[in-house]
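Novice: My questions all concern the structure below.
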């Protein structure tokens, strides 16, 4: 096992790749945890006001939990791409891809948490608001999905690059 060192592949490149994997899972989990906690408060209120609707009200918490899976997927793909011949270009692609997934999942988690909490509470008073709440939640989740897609595309850039000096 030999590590290739050159101007294209300095020794510190793996730091950026691993930071991309870490940022992806950390920020996605922050978004997932915030969304779950915030929407969970609304579910508890629904349980007090209308216990028969509690299962229907757990949709925001489920959607928030999916955000952590997005970060996990991106982190695994990035970590699998880190190796001995690891160009600087690829390490920056992995960092930016991980940040893309992480921050978009964090933003989606904030959206899902706020809308989920307010939507479930509003649904307790007016059941006709349920479909509107679901639509807003879907659009919030879609933002994280867009971030996952773009992050994976960015992370795949330069996968065939090798550490050869010119």
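Glycine is no exception: its Cβ is also placed from the backbone N, Cα and C atoms.
Feature list, courtesy of TrEMBL:
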- 12-31: transmembrane segment (TRANSMEM)
- 19-78: domain 'V-ATPase proteolipid subunit C-like' (DOMAIN)
- 62-83: transmembrane segment (TRANSMEM)
- 95-117: transmembrane segment (TRANSMEM)
- 96-154: domain 'V-ATPase proteolipid subunit C-like' (DOMAIN)
- 129-154: transmembrane segment (TRANSMEM)
Novice: Quick one: find which recorded stretch in 12-31, 62-83, 95-117 has the most Cβ pairs under 8 Å with the transmembrane segment (129-154).
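Specialist: The stretch with the most close Cβ contacts to the transmembrane segment (129-154) is 95-117.
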Novice: I'd like to know the mean pLDDT over the domain 'V-ATPase proteolipid subunit C-like' (19-78).
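Specialist: Residues in the domain 'V-ATPase proteolipid subunit C-like' (19-78) carry a mean pLDDT of 93 in this prediction.
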